[in-house]
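K.L.:
First the structure, which I've put down as structure tokens, then a few questions once you've had a look.
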Amino acid sequence: MFLRAVVLTLALVAVTGARAEVSPDQVATVVWDYFSQLSNNAKEAVEHLQQSELTQQLNALFQDKLGQVNTYADNLQKKLVPFATELHERLTKDSEKLKEEIRKELEELRARLLPHANEVSQKIGDNVRELQQRLGPYADELRTQVNTHAEHLRRHLTSHAQRMEAVLRENVDNLQSSLTPYADEFKAKIDQNIEELKGHLTPYADELKVKIDQNVEELRRSLAPYAQDVQEKLNHQLEGLAFQMKKNAEELKAKITANADELRQRLAPVAEDVRSKLRDNAKGLQESLAQLNSHLDRQVEEFRRNLGPYGDTFNRALVQQVEELRQKLGPYAGGMEDHLSFLEKDLRDKVNSFFITLKEKENQDRPLALPEQEQAPGPLES
């Protein structure tokens, strides 16, 4: 049942053990996914859209998972559960209202821009071409970085596997004591190299957000002369566009992280298999090491093949979103609606504000640390 999955996810978000892992984005995603699922499933909405039930299940799971972990986690439970359930209730009530507001906003914008429809369409088209020119090198760079760092990971791990093979040949009679440190180190090197891989690739998405801001700002300036009386409404639509585009950047970052973690999961069992074979004969261990090398090649190649095209896919999604804006602002927009993206943006803004307020309150309540006592100066040497 989707409700239980959401509740469990929300509980786990708050009890991952490290405070840095509890983020506004995680909480907002859980609430938004819950709202979206119920909106798409009328039967489940009728059966389970009960605020009291949601609160009870959240509290029960928080209590079950948290126990007496720490004061921070307990405070988070007390504040987060009511806040999350209130947000969900507000989403349900605000959806239709916001839908009507966005419809009227677009009607006014279209009416104001209609005398300049060709110029507006041309300006947005120019912006699309500039966006494509900007993003093209980033897609190529992502592909290059994926290839470079994936190959670095493969070489690094293959080199360590080859060292283990050399030690095996030299210490056939004393395998366990000779190779155990290498096997343990190999597992650690998998984790280390995967984290380094993510560290090199995930900043790509943050750089794209900067380019998105630049592109949307240029679009705003180019359209401003045609929207002098409705500038605020145009700005609102462009804020929605930027939100959607940046959401794609976050999804790209998540895909990079997920693929890297999946690569780690695929490599770890083979490394563990080598370690377990230390108790067996040299032939069995040699076969495991040979399999390890071929397994490394296959898995790294699959990682590279899966992740390489993501940059191009991301670029196409952004271009499509700008094209959709052109259609919405044009005279033949029809019944295009996008109020849900504004609803989600408002949700995430509220969750961010909630966490900022919570952090400020926590800092105010925290006692000041006493200054360290200075050591008395020693006697002067005569």
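Heads up, the Cβ atoms here are built off N, Cα and C, so glycines get one too.
Per Swiss-Prot, the features are:
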- 1-20: signal peptide (SIGNAL)
- 33-54: repeat '1' (REPEAT)
- 33-330: region '13 X 22 AA approximate tandem repeats' (REGION)
- 82-103: repeat '3' (REPEAT)
- 115-136: repeat '4' (REPEAT)
- 137-158: repeat '5' (REPEAT)
- 159-180: repeat '6' (REPEAT)
- 181-202: repeat '7' (REPEAT)
- 203-224: repeat '8' (REPEAT)
- 225-246: repeat '9' (REPEAT)
- 247-268: repeat '10' (REPEAT)
- 269-286: repeat '11' (REPEAT)
- 287-308: repeat '12' (REPEAT)
- 309-330: repeat '13' (REPEAT)
- 362-382: region 'Disordered' (REGION)
K.L.:
Across the repeat '11' (269-286), what does the mean pLDDT come to, as a whole number?
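P.N.:
Across the residues of the repeat '11' (269-286) the model's pLDDT averages 71 on the 0 to 100 scale.
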K.L.:
Under an 8 Å Cβ to Cβ limit, what residues of the same chain, 6 or more beyond the ends of the repeat '4' (115-136), are close to it?
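P.N.:
Same-chain contacts beyond the ends: 208, 211, 214-215, 218-219, 222-223, 226, 314-315, 318-319, 322-323, 325-326, 329-331.
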K.L.:
As a test: from 137-158, 181-202, 287-308, 309-330, pick the stretch that has the greatest number of Cβ pairs under 8 Å with the repeat '9' (225-246).
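P.N.:
Per the Cβ count, the answer is 309-330.
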K.L.:
Which sequence-distant residues neighbour the repeat '10' (247-268)? Criterion: at least 6 residues beyond either end, Cβ under 8 Å.
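P.N.:
Hits for the repeat '10' (247-268): 25, 157, 187, 190-191, 194, 197-198, 201-202, 204-206, 208-209, 212, 295-296, 299-300, 303, 306-307, 310-311, 314, 317-318, 321.
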K.L.:
Other than its close neighbours in sequence, what residues sit by the repeat '13' (309-330), given a CB gap under 8 Å and a spacing of at least six beyond its ends?
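P.N.:
Sequence-remote neighbours of the repeat '13' (309-330) are 106, 109-110, 113, 117, 120-121, 124-125, 127-128, 131-132, 135-136, 138-143, 204, 208, 212, 219, 237-238, 241, 244-245, 248-249, 252, 255-256, 336, 338.
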K.L.:
Using Cβ atoms and a strict cutoff of less than 8 Å, what residues sit near the repeat '12' (287-308) while being 6 or more residues removed from its termini?
P.N.:
142-143, 146-147, 150-151, 153-154, 157-158, 161-162, 164-165, 168, 201, 255-256, 259-260, 262-263, 266-267, 270-271, 273-274, 277
